[in-house]
Amino acid sequence: MKNVGFIGWRGMVGSVLMDRMSQENDFENLNPVFFTTSQAGQKAPVFGGKDAGDLKSAFDIEELKKLDIIVTCQGGDYTNEVYPKLKATGWDGYWVDAASALRMKDDAIIVLDPVNQHVISEGLKKGIKTFVGGNCTVSLMLMAIGGLFEKDLVEWISVATYQAASGAGAKNMRELLSQMGLLEQAVSSELKDPASSILDIERKVTAKMRADNFPTDNFGAALGGSLIPWIDKLLPETGQTKEEWKGYAETNKILGLSDNPIPVDGLCVRIGALRCHSQAFTIKLKKDLPLEEIEQIIASHNEWVKVIPNDKEITLRELTPAKVTGTLSVPVGRLRKLAMGPEYLAAFTVGDQLLWGAAEPVRRILKQLVA
């Protein structure tokens, strides 16, 4: 049974990973060792009924060297500090990472097994030892419309994202909720009075959002009652943000198409959802296909994608973050041909940023490695 070290298991993604591994009884097939950046020597948690002893220091290279597999959700700074030191010792175990630091390295594979199991299997045969979870929007896009890529039907795709606060971290989620609460408090008495002017209410809310003391330390701007059309840093040579660049770079790496890439681009926008990312796609298909056939191709790709009929009532019920949060379901709806021509397709999808967007691909590659 393989010795598997877990780092960053207390954080948001790590906690979701622990929950999913417990639900699927994954701890039965491995010996867990838990690491910490600040509390070495304290009692380790118990998952799957296994006593893992005491917490070990996440910076102790000698302890890390003893492991067959390391799973880290600690973030890119930790990876950048520890990974090269560990590899320099000759350690030859598997490194599984939820952070972005190693994604584009030649000796790393971005994992999303319902989409790129062929790439993963080939990498394992070649002796690849580094496996990294992908960008959340990219993974959720490929889970949603992977069938179109699998059938080589996509000429190009333009994406507009509607990304949840969770993608920016736990502090950002708290800030969003604080903003929402303050906006309601600013007009709570007026909301109770049906005779109050909605324009007066709007003016008060807007003034509150613009106030110097409105909490924006994490997002840098109001998100509650607003949106932020910018995620990550600017890439000056293209005008893209790094999040937008990932759509192209990671999609093609996941699919094994880096030598013959499919153009993927668009705009990434932060909205006031808590943990589900939504995306609107404009897709140029390589050929005109009947909509019914397109729906069948999408729906049959994996067991989690679900085609939602282009009907208002069903869409409002099934195709929202409120519905999808906390589930592995990846619904795709608003499917229709666009006025630009019969080979142009519109689609809209929603997916949980912490599940298929982060923890689940990591859980599933770990399951393969311990098998």
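Glycine residues also receive a Cβ, built from the backbone N, Cα and C atoms like all the rest.
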From SER158, SER166, SER178, SER258, the one annotated by Swiss-Prot with ARG10, GLY11, MET12, VAL13, THR37, SER38, GLN74, GLN353 for NADP(+): SER166
Annotated companion of GLN163, ARG270 at the substrate site, Swiss-Prot, chosen from GLU237, GLU243, GLU303: GLU243
Among ARG10, GLY11, MET12, VAL13, THR37, SER38, GLN74, SER166, GLN353, the record's NADP(+) binders - longest CA distance, Å: 27
Integer Å distance between the CA atoms belonging to GLN163 (substrate binding site) and CYS136 (active site, acyl-thioester intermediate): 9
For substrate: widest Cα to Cα gap among GLN163, GLU243, ARG270 in Å: 11
Among ARG10, LYS246, HIS277, GLN353, which are recorded as recorded positions, the nearest neighbour of GLN163 (substrate binding site) by Cα: HIS277
